[in-house]
Amino acid sequence: MIVVNFIIVLGILIFVHELGHFLVAKWMGVKVEKFSLGFGPKLFGRQIGETEYLISAFPLGGYVKMFGEGGFSEIEMIEQEYEREAPGSKPVEAYKLTPADEARSFAHKSIPQRMAIVFAGPFFNMVFAWLLLIVLYMTGMPILKATVGEVFPNRPAALAGIQKGDLITAINGQRIIQWEDFSAHMATTSETVTLNITRSGKPLTVQLKPQVGETKNLFGEVVKKPIIGVSPAYDFATERFGLVDAFKLGNAKTVEVTRLTVLSLVKLFQGVVPLNSLGGPMMIADMANKAAQTGGATFFMLLAVVSINLGILNLLPVPVLDGGHLMFYTIEAIIRRPVPQKVREYAQQAGMILLIGMMVLAFYNDIIRYFFSGKA
């Protein structure tokens with residue numbers, strides 16, 4: 001089941017990503033020659049119209065092959081191949097690309113159109129995650145209730161009379177739905193706040209002023225932030241929300257996961273996050289399997305988070321990634337001519353080496369994590 005869950009997660013996200021490229025390319029009038037889930041040898045496929053739809057051997061990716069994607073040089077090479085006809089075949093002119101054919105090539109599209117086609121893949125991943133989260137909040141999402149589990153002595157919460165088991169329902173009149181809302185709000189203010197709480201079924205109101213103290217953030221760094229001295233009770237409940245609340249929560253969760261993904265990448269490059277924390281396919285498969293065993297909502301939450309991660313990672317300005325292509329098109333717009341083919345080739349080779357290196361490191365970390373660390 002681990003392999004099945006892994007293929008399901010990866011297959012869905014790759015399909016969404018490539019569908020973005022495909023639909024926008026079609027919208028822009030580009031001829032799409034192939035739509036493949038997976039890389040490598042073709043397992044099976046079917047020609048529908050001008051596009052061949054494929055399932056390929058290696059599920060760690062996918063691609064959309066557009067006519068003229070290699071630039072004007074690709075079109076020239078196609079014409080040269082046509083000219084190397086065998087004796088007795090049709091005249092050369094019969095194979096020449098017509099203006100209509102050239103107009104349907106990726107290379108002939110404007111820079112904004114090419115950028116839109118490339119950006120569509122990561123964008124679809126982000127939109128898919130956002131819509132999935134909204135649906136999850138509407139149909140039933142496990143949330144950590146804002147119930148106090150521990151009150152630390154001589155801290156603002158204890159001095160204000162907050163007790164273990166109190167359910168925090170509002171801050172300064174703003175409704176609190178889950179612990180995440182409460183924690184996020186308290187982390188941004190050092191002013192006196194009014195808390196509405198429920199204790200043993202009775203509503204109460206308390207006021208407290210956070211004190212600035214040192215604590216460790218998600219990345220293990222010591223930072224100064226407002227603290228009140230409480231921790232959650234880890235009281236989970238499955239809640240269903242109306243469209244308005246689900247929309248707000250879906251937005252907030254999408255923004256938060258995006259922020260943490262970008263911040264994690266920054267911390268990785270800064271050396272704060274160690275390289276051995278990188279995870280590969282085995283880690284994703286393990287997470288997908290555990291999420292599937294926990295329940296549908298947890299599995300789909302993981303799907304949304306990984307989709308956001310995939311979208312952000314593909315926007316990195318690394319040649320061979322979507323972000324690398326966007327970088328080249330931006331340079332082309334600035335210098336008003338395409339980046340020289342040789343420069344692109346060298347950059348893409350360097351990008352491929354970097355990407356393969358990161359994949360090897362992720363695989364290595366997976367092997368150490370699951371076979372030599374005693375962790376399951």
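Heads up, the Cβ atoms here are built off N, Cα and C, so glycines get one too.
The domain 'PDZ' annotation in TrEMBL covers 140-201.
If you look up TrEMBL, you'll see 6-25 (among others) marked as transmembrane segment.
Within its own chain, the transmembrane segment (116-138) is flanked in space by residues 13, 16-21, 23-25, 28, 30, 66, 106, 109, 239-243, 245-247, 249-251, 253-254, 257-258, 297, 300-301, 303-305, 307-308, 310-312, 314-315, 322-323, 325-326, 329, which lie at least six positions past its ends and keep a Cβ under 8 Å from the stretch. Sequence annotations record features per position, and here TrEMBL assigns transmembrane segment to 116-138 (among others).
Counting only same-chain residues 6+ beyond the ends of the transmembrane segment (297-316), those with a CB under 8 A from a CB of the stretch are 5, 9, 12-13, 16-17, 121-126, 128-130, 132-133, 136, 139-142, 238, 253-254, 257-258, 261-262, 265, 284, 287-288, 291, 322-324, 326. What TrEMBL lists as transmembrane segment is 297-316 (among others).
The transmembrane segment feature in TrEMBL is assigned to 346-365 (among others).
Among residues of the same chain six or more beyond the transmembrane segment (6-25), those with a C-beta under 8 A of the stretch's C-beta atoms are 32, 35-38, 59-64, 66, 106, 116-118, 120-125, 128, 281, 284-285, 288-289, 302-303, 306-307, 310-311, 314.
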